[in-house]
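What follows is a short report on a single structure.
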Amino acid sequence: MSEKLIVKCPTCRTEVIWDESSPYRPFCCKRCQLIDLGEWAAEEKRIPSQSESNDSDEWSEMPEQDPKPFN
């Protein structure tokens with residue numbers, strides 16, 4: 001039998017066995033999973049990019065030049 005892979009929960013650092021017995025892996029529990037999700041949703045975490053600009057800087061709300069009525 002092979003050795004079981006053990007990882008640390010990204011939220012609380014508790015050791016977690018990486019197999020079917022740990023349904024929230026890599027998290028130790030649903031609570032830690034939701035804490036992490038909340039941090040991503042609040043934009044406390046992000047994936048680093050090479051560019052420093054924010055994607056929203058490139059977005060603009062431009063009104064239509066020639067709106068056409070619906071007929």
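Just so it is clear, glycine is given a Cβ too, placed from its N, Cα and C backbone atoms.
Here is what Swiss-Prot records for this protein:
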type     : residues                  : note
BINDING  : Cys9, Cys12, Cys28, Cys32 : Zn(2+) binding site
REGION   : 43-71                     : region 'Disordered'
COMPBIAS : 54-64                     : compositional bias 'Acidic residues'
Which ones in the same chain are close to Cys12 (Zn(2+) binding site), with CB under 8 Å and 6+ residues apart in sequence? Cys28, Cys32
If you count the other CB atoms within 10 A of the CB of Cys32 (Zn(2+) binding site), including all protein chains displayed, you should get 19
Residues other than Cys9, Cys12, Cys28, Cys32 within 8 Å, Cβ to Cβ centroid, of the Zn(2+) site? Pro10, Thr11, Arg13, Thr14, Val16, Phe27, Cys29, Arg31
Only counting partners 6 or more residues apart, tell me which same-chain residues put their Cβ under 8 Å from the Cβ of Cys9 (Zn(2+) binding site). Glu15, Val16, Pro26, Phe27, Cys28, Cys29, Cys32
Cys28 (Zn(2+) binding site), Cβ-centred 10 Å count of other Cβ atoms over all protein chains shown, is 21
